[in-house]
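Note sheet for the following structure.
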Amino acid sequence: MKSLILAEKPSVARDIADALQINQKRNGYFENNQYIVTWALGHLVTNATPEQYDKNLKEWRLEDLPIIPKYMKTVVIGKTSKQFKTVKALILDNKVKDIIIATDAGREGELVARLILDKVGNKKPIRRLWISSVTKKAIQQGFKNLKDGRQYNDLYYAALARSEADWIVGINATRALTTKYDAQLSLGRVQTPTIQLVNTRQQEINQFKPQQYFTLSLTVKGFDFQLESNQRYTNKETLEQMVNNLKNVDGKIKSVATKHKKSYPQSLYNLTDLQQDMYRRYKIGPKETLNTLQSLYERHKVVTYPRTDSNYLTTDMVDTMKERIQATMATTYKDQARPLMSKTFSSKMSIFNNQKVSDHHAIIPTEVRPVMSDLSNRELKLYDMIVERFLEALMPPHEYDAITVTLEVAGHTFVLKENVTTVLGFKSIRQGESITEMQQPFSEGDEVKISKTNIREHETTPPEYFNEGSLLKAMENPQNFIQLKDKKYAQTLKQTGGIGTVATRADIIDKLFNMNAIESRDGKIKVTSKGKQILELAPEELTSPLLTAQWEEKLLLIERGKYQAKTFINEMKDFTKDVVNGIKNSDRKYKHDNLTTTECPTCGKFMIKVKTKNGQMLVCQDPSCKTKKNVQRKTNARCPNCKKKLTLFGKGKEAVYRCVCGHSETQAHMDQRMKSKSSGKVSRKEMKKYMNKNEGLDNNPFKDALKNLNL
């Protein structure tokens, strides 16, 4: 009898097979005398669509809403059904005695495996592999400490409740809004509050009125002393009068105070912090950061589990620090890492805190030494950031003397503040940091002359627009960006981690860009006309970050066995009914900002102009019509003059190709040029290359020229 190991991806299955010496490769799995290891391809099973409950629901109609199934159905995803059949056969195989779930150690990973097992009707015992890295050592250690699968039942119930709630709310709210206003509009418990966050910030900026104010400083022996005052001076004349009173008046050093202080490194990275820093440093978006991090985790095995919300490590990891430091010796930080090899680490260090680690600890290097030449430029940047933060956390604090010199002149107090580094500590890892020396020439009681007075003009600045990094942080801490009626709600938002999860926030932002609810201009995220109208048309409670936080709080309670999933789902059903009825009874109107005067050839309604990756197209405003029409698109045909790609306008014989250089030619001329160029002889390789490149494009001249050739 054998144990069947179910991994989430083929790459992880290969890692497990390698770690456990499961060497016999089969079709869709690996095998040895003790284990069989197979894999999902992400989700193999998903929630059924409305039309899979009732074929009449394929057409979107307002009168059919709300759609609330008595029992939720799941279906096998068509494109991965072959692998599902393989997994199913293995689960039901008589030689398999039990199942070891080895999907990602988290809510979504649990759902991936359990949906498959439930769909198959598994009755065999379940064990759980729960690890935070996929190195050979971590896998082998994890298999020595397999858990009873029943310990994770509540995690599964929470994952299933989240999935079903999102389906019930999302399907109904989106269909209701879309059919009510004849527009492709989408609502969701996470995406709609995120639009509201961006909109609130945008309104704050638009309503901001800058205020002018002034500051005064004195220069003494080359040092600038700032006027100490509890008020902001908005009247320049007040400071000018003060300057007049200071003329020909000497000052006196009232005190020189030195206080020794320490500063400590930032917390270890969680996913959100890492995504934010990658955008701040390199303008790399959250989605790209997560994909790169996943590659470092799965392919290179040099970092721990990516989707974590913790900034801390567990105390049982203390003994692993040395081998992780050893791995970082391959980086440019080897000189800073080397002294740490002789240091003794204690579980009392601030980075170790079991209470602040739930599913996964902070993102840190594994014990695997990276082959730096194998890392892409983006992977290298990300790995360096993780190593830098990790080594800083293990280094001594930065120490400095905070010097405060107080000057009195004509009854006014001016202050000079300087920090003098005495011990670099963790800051030694940063380029350009060094020990500083300040030969400050002041002693208490000194009489000093003022060499210069400076009145500086300032202006208050509005809040900054969100970028992809700061929006992530706002989703994590929305209580810092919105006004709440009750302070207790701020605590709720803080405890639940805000809107969405570390694993989903990047996807939500990406989705909002794709549905044209938000846009980024020069790195500034703004709400589009469509996004603003979604907020106006959506039920008010669905735009609030508080509601989704309260839901997330209940999901966490389900995960901990303190709330019934069934109760939560019933609450979501009642909420959905209210949302749908509210939309049905609304008298608000939706105005397309991209509506054209072109009539749809199918239904006669006016069409909407939308941007695509390669150009523009017209789409019928009625979502049930689905008529589309190309307006313009980039082709692979090249301009004969400047060799740039030509843009195709129109269709059929009316089509025209234009270039940015001014060149233009008709479809007939293009056909003739391509035919002449080919001379009736085209290699099979060239034909395949162009046919694949232009697959699905209408009016493709090269494709047309090739299709009748006999090869």
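Cβ coordinates are placed from backbone N, Cα and C, and glycine is handled just like the others.
Per Swiss-Prot, the feature active site, O-(5'-phospho-DNA)-tyrosine intermediate maps to Tyr305. All protein chains included, Tyr305 (active site, O-(5'-phospho-DNA)-tyrosine intermediate) registers 22 other Cβ atoms within 10 Å of its own Cβ.
If you look up Swiss-Prot, you'll see Glu8, Asp104 marked as Mg(2+) binding site. For Glu8 (Mg(2+) binding site), the count of additional Cβ atoms within 10 Å of its Cβ stands at 22 [all protein chains shown].
Under the heading domain 'Toprim', Swiss-Prot lists 2-135, citing sequence analysis as support.
The average pLDDT computed for the domain 'Topo IA-type catalytic' (152-580) is 92. What Swiss-Prot lists as domain 'Topo IA-type catalytic' is 152-580.
The region 'Interaction with DNA' (186-191): residue composition by secondary structure is 1 helix, 0 strand, 5 coil, according to DSSP. What Swiss-Prot lists as region 'Interaction with DNA' is 186-191.
The feature region 'Disordered' is assigned by Swiss-Prot to 691-711.
According to its DSSP assignment, Trp60 (site 'Interaction with DNA') is coil. The site 'Interaction with DNA' annotation in Swiss-Prot covers Trp60 (among others).
Sequence annotations record features per position, and here Swiss-Prot assigns site 'Interaction with DNA' to Trp167 (among others) based on sequence analysis. Taking Cβ-Cβ distances under 8 Å and a sequence separation of 6 or more, the neighbours of Trp167 (site 'Interaction with DNA') in its chain are Asn47, Met72. DSSP assigns Trp167 (site 'Interaction with DNA') to a helical segment in the three-state reduction.
The site 'Interaction with DNA' feature in Swiss-Prot is assigned to Arg175 (among others). According to DSSP, Arg175 (site 'Interaction with DNA') sits within a helical segment.
Neighbours of Arg307 (site 'Interaction with DNA'), defined as other CB atoms within 10 A of its CB across all chains, total 23. Annotation source Swiss-Prot lists site 'Interaction with DNA' at Arg307 (among others), citing sequence analysis.
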(Q) What residues elsewhere in the chain lie close to the region 'Interaction with DNA' (186-191), defined as a C-beta under 8 angstroms and at least 6 residues from its ends? (A) 165-166, 169-170, 173-174, 177-178, 499-500, 504, 508, 511-512, 515, 517, 534, 538, 542, 547-548, 551
Q) What is the number of residues in the domain 'Toprim' (2-135) that are helix, strand and coil, as DSSP sees it? A) 50 helix, 33 strand, 51 coil
Q: Across all the protein chains here, work out how many other Cβ atoms are within 10 Å of the Cβ of Trp60 (site 'Interaction with DNA').
A: 16
Q: Ten-angstrom check, please: count other Cβ atoms within 10 Å of the Cβ of Asp104 (Mg(2+) binding site), all chains counted.
A: 25
Q) To the nearest whole angstrom, what is the C-alpha distance linking Arg307 (site 'Interaction with DNA') and Trp60 (site 'Interaction with DNA')? A) 36
Q.
Quick check: of the recorded positions listed here (Trp60, Arg175, Tyr305), which one has the Cα closest to that of Glu8 (Mg(2+) binding site)?
A. Tyr305
